[in-house]
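In what follows, a structure is listed as structure tokens, so that the remarks can point back to it.
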Amino acid sequence: MSPPLLLLPLLLLLPLLNVEPAEATLIRIPLRRVHPGLRTLNLLRRWGKPAKLPRLGAPSPGDKPALVPLSKFLDAQYFGEIGLGTPPQNFTVVFDTGSSNLWVPSRRCHFFSVPCWFHRRFNPNASSSFQPNGTKFAIQYGTGRVDGILSEDKLTIGGIKGASVIFGEALWESSLVFTVSRPDGILGLGFPILSVEGVQPPLDVLVEQGLLDKPVFSFYLNRDSEVADGGELVLGGSDPAHYIPPLTFVPVTVRAYWQIHMERVTVGSGLTLCARGCAAILDTGTPVIIGPTEEIRALHEAIGGIPLLAGEYIIRCSEIPKLPAVSLLIGGVWFNLTAQDYVIQFAQGDVRLCLSGFRALDIASPPVPVWILGDVFLGAYVAVFDRGDMKSGARVGLARARPRQADLGRRETARAQYRG
């Protein structure tokens, strides 16, 4: 999961840039959102050190999409529920576009693996469909490492049942970060080349076994801190009720991470960053927006950020209405972030705290700088991730997210138009 970001030439697929996905059965996964405070915002896990790329029952009914919500923890961590085994053993997982493996804690975990005791654990003896594999795996994160063995069993996700997947049973989780993390495990939605031990990613399995129409998915992340609902992950396409049309599609430049080309970034009318173009990786597993150190420092000077510990910046809450927009030029379209979008606000007791949603990290990736567009960006804009096929390349579609109340009010109308 550590990026060796070798950039390939940008494929200008102009005829495809503004075409919305064709109609398909949608599988809905509700998301929840959790917020563990400052510790979550410091989880710049896989982007710290470059590493080599790793080695290479029944589907949901007809037109009625199965619902799987996302949870939230004050905008910092979104996750949803899956099942493994027969009968399904339920787990909460982060749906992570920056990795490609599925793993959960195992009942056979090491006694001194503290995170294991604070999460649900998979019991192979309780599943009639369990198939042992036994291959050892290890995944290194910036904040720790997960070791375990591979196993095979049935996956239940968003109403889809019966998919045989190879997943990791985590026997050892080396970091206390995993202890305080609310979700049990991770389900990767990256490209196959990122998969440890060459395991086929869950998305590919669902398509290959005919349980999902096409390798397309989209995220709607609810950023309203007063609402428990975290949004939705939609498998098989996107829901027009989630966004304000049109979708702007841009080609993926590296089929590993969901990496695209970003032309430049402006802060108000006085500061330009990424002036000669840069790479941008859309990553649902990162809560903030990450950019090169010098550019993020200049950005914070422009928005009045006050340095805190561990790379955090405080923003004066009273200044939020006066702060400039931060605008990203992608595919010839400006994607504007207001201060309400890029300032992370939460309260502890009577104290209200406002933190910048930008963090600095230099990622070695010649010839251009790299930005990571995490949940601060993906909460403001719905992203449609399309793996493509033999005829068309992978691409990402972006459109402004509808406010949650507007989304609920327009949902049925939009769905009718989408099908009609």
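Start at 1 and count along the chain as shown; that gives each residue its number.
Each residue, glycine too, has its Cβ placed from N, Cα and C.
In TrEMBL, annotation is done automatically, which means it is predicted and not curated.
Note that the structure is predicted; figures quoted are calculated from it, not measured.
For reference, TrEMBL has these:
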- 1-24: signal peptide (SIGNAL)
- 78-399: domain 'Peptidase A1' (DOMAIN)
- Asp96: active site (ACT_SITE)
- Cys109-Cys116: disulfide bond (DISULFID)
- Cys274-Cys278: disulfide bond (DISULFID)
- Asp283: active site (ACT_SITE)
- Cys317-Cys354: disulfide bond (DISULFID)
### Message
Could you check which of the recorded positions Cys109, Asp283, Cys317 is the closest Cα neighbour of Asp96 (active site)?
### Response
Asp283
### Query
Including all protein chains displayed, how many Cβ atoms other than that of Asp283 (active site) lie within 10 Å of its Cβ?
27
#### Entry: From disulfide-bonded residues Cys109, Cys317, Cys354, the one whose Cα lies nearest Cys278 (disulfide bond)
Cys354
### Neighbourhood of Cys274 (disulfide bond), C-beta criterion under 8 angstroms, separation at least six
Met262, Glu263, Arg264, Val265, Gly291, Glu295, Pro369, Trp371
### Message
Over the span of the domain 'Peptidase A1' (78-399), how high is the average pLDDT in this prediction?
### Response
92
### Query
Between Asp283 (active site) and Cys317 (disulfide bond), how far is it from one CA atom to the other, in Å?
27
### Message
Given a separation of at least six residues and a C-beta threshold under 8 Å, show me what packs close to Cys109 (disulfide bond) in the same chain.
### Response
Cys116, Arg121, Gly148, Glu169, Ala170, Leu171, Trp172, Glu173
### Task
Run through the Cβ atoms and count how many others sit within 10 Å of the one on Asp96 (active site).
23
### Message
If you count, for each of the disulfide-bonded residues Cys116, Cys278, Cys317, Cys354, the other Cβ atoms lying within 10 Å of its Cβ, which residue has the minimum?
### Response
Cys317
